[in-house]
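Taken from TrEMBL, the feature domain 'MrpA C-terminal/MbhE' covers B:8-90. Positions annotated as transmembrane segment by TrEMBL: B:68-85, B:106-127, B:133-152, B:172-190, B:196-218. If you look up TrEMBL, you'll see B:107-224 marked as domain 'Na+/H+ antiporter MnhB subunit-related protein'.
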Amino acid sequence: MVYVALITGFLLILMGLYGALTNRNILRMTVAFSIASTGTHLVLVAVGYIPGRTAPILDGAVTAADASLRIIDPVPQALVLTAIVIGLGVTALMLTYAYKLYETKRTLDISKYTDLKW
Amino acid sequence: MIKKFVALLLLAGLGLMFVGLLLGFTPDQVLNTTASYYADHSVEDTGAANIVTAVIVTYRGLDTLGEVTVLFLTATIVSLILTQPRPSGTPIIGVAEKKALSSGELLQTGTRLLVPLVLLFGVYVFVNGHLTPGGGFQGGAILASALLLLLLSDPTKRFNHRLISRVESISGILYVVIGVLGLVLAGGFLDNRILPLGAFGTLFSAGAIPVIYTLIGLKVGAEFSSMMVTLSESRDR
């Protein structure tokens, strides 16, 4: 099970990077980056998974006494929560810059923006 | 064509590295030292039933403050860039004068029904962050999704920017004040034991964690809303 999640995550990273490298449209590149970051989240969560254990939330079924034998690693989950929020911020900035670029040249084709090319 | 080939070559190399990682990976059978410390001590240290919340709000609370700061900076930069006056002579994007199409009866009625429920659910998620899956960031995103629904049903709707930024700055300041209070009254910055830990598993437990997560939820909701509102208003300026 954990390998399925890992392989899916790695495939999503590769798909996202392929899309970001080959697409010319800035909005499509933004979507591709979102897919790649989803893949990294999946890989991170999968690494913290331990077969046969449950979520790190204590209640009647998982008491504090046997918590360390029953729950999976909470640290990668906390990390992924941070990563999701930062990913959202990055996506918002990319969309904003895409809008601003469109305003200057009236096109979203990245190959038309040659000002820094030499 | 050659560009696509180079991209595929790069990705094949990266994929090879991933295969190596995958073949060398064996899932842990026991928790590592850090994780088992959190599992064993989070109840007596913080009183939170959700260990992920205990890690985010208390053990690594300073990092969460930094994360909220990153979000704040993003929202600020988005509104700074989008509210800049355009250089003179560039044409205006979109036709503002043209009357927008109505969004339809279904969406408008559905919005009236759903927005209060969505807001209530967002508040539920961040108030119960120390007991159930969820917390300030998730609850804040749900709050902002109610605003998104309002924007979808009426794209020309205008929101009170001052109210949004007030909510955001007040909750941000209170978050830091609670952190400093932890320094004075309890063990350190953002220590949640400034309030009594209460009975384990009830709503008013885990010290200051529900208060901090409520503030984070309001702040994140306000930041997401301000990003969406500026993005939506930039079209007809």
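Every residue, even glycine, has its Cβ placed from backbone N, Cα and C.
Computed from a predicted structure; not experimentally measured.
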In DSSP terms, the domain 'Na+/H+ antiporter MnhB subunit-related protein' (B:107-224) comprises 83 helix, 0 strand, 35 coil
Helix, strand and coil counts within the domain 'MrpA C-terminal/MbhE' (B:8-90) (DSSP) = 61 helix, 1 strand, 21 coil
